Amino acid sequence: MTKSLRTQLRLLPTHTGPFPLPPPTPSSLPSTPTAAFQTWLHDAITAGVIEPHALTLSTVDSSTGIPDSRVLILKDLDSARGWQFAIRGDGPKAAQLDGNPGVALCFYWAELGRQVRIRGRAVRLSVEEEERDWEGRPRASKVAAAASRTQSAVLGSLEELRGSVERVISTATASDSTGREEIQRPAWRVYAVSPVVVEFWQRSSDRLHQRVRFRKAEKDDREGGEGEDGWVKELLWP
Ligand SMILES: Cc1cc2nc3c(=O)[nH]c(=O)nc-3n(C[C@H](O)[C@H](O)[C@H](O)COP(=O)(O)O)c2cc1C
């Protein structure tokens, strides 16, 4: 007899270790969340995690109050501005960000049993940086982005999409008098997420998973000597 989906789900193993890296503690992590994240991202890259730079971005649709999530690629990270991603300026997530810049990002590196959650505000970068990001994209992804007329709008048929791709390619080549191909940039945005809270979670084989949270230090924290580089690190119950 075939097992029910519920049974099949219960029988699926979750990663039980052994985990290759030591569990985090407030004192073992660097003093800022960006530095700690860079260490963990580096661990994920070194361990050969597939798409370690893939993240889930959650936004809020202010018209319904219902959150929305999708996977994106991390484009850059710096301590001054935070986690950066690039999106179309005419799709649902851009509209959601216009209505409410509050976001959550989530990274999961299954091979290492690690998750990082970031909550903060998304701030749009300058047009120059958006152009630089667009120019740095591979040709195929420029063509695909330019061919997608209004991202996430209903597409009548795949022929329509193919026709749009052909038009982008022929226009790009025709407009090129100097021999350099130019693909028309669609509405394009790059955002940086300035964090308010960042949590590092690591699976433990005894299920007592370790969690360390960074939160912005408040006045009392500093007086108590707990704030370091403007951040307080604390353990959380699993
Ligand atoms: C691995 C992966 C990477 C992706 N990277 C991006 C990205 O960097 N930027 C982007 O706009 N969409 C990216 N997407 C597509 C989005 O998940 C989403 O389908 C699309 O942006 C439309 O989202 P929206 O309807 O919420 O605006 C990626 C999807 C996957 C699965």
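Cβ coordinates are placed from backbone N, Cα and C, and glycine is handled just like the others.
Annotated compositional bias 'Basic and acidic residues' per TrEMBL: 215-225, in sequence order.
As annotated by TrEMBL, domain 'Pyridoxamine 5'-phosphate oxidase N-terminal' applies to 42-169. When DSSP labels each residue, the domain 'Pyridoxamine 5'-phosphate oxidase N-terminal' (42-169) comes out as 46 helix, 45 strand, 37 coil, counted as helix, strand and coil in that order.
The domain 'Pyridoxine 5'-phosphate oxidase dimerisation C-terminal' annotation in TrEMBL covers 188-238. Per-residue confidence over the domain 'Pyridoxine 5'-phosphate oxidase dimerisation C-terminal' (188-238) averages out at a pLDDT of 88.
Assigned with DSSP, the residues of the region 'Disordered' (13-32) fall into helix, strand and coil as follows: 0 helix, 0 strand, 20 coil. As annotated by TrEMBL, region 'Disordered' applies to 13-32 (among others).
Positions annotated as region 'Disordered' by TrEMBL: 215-238 (among others).
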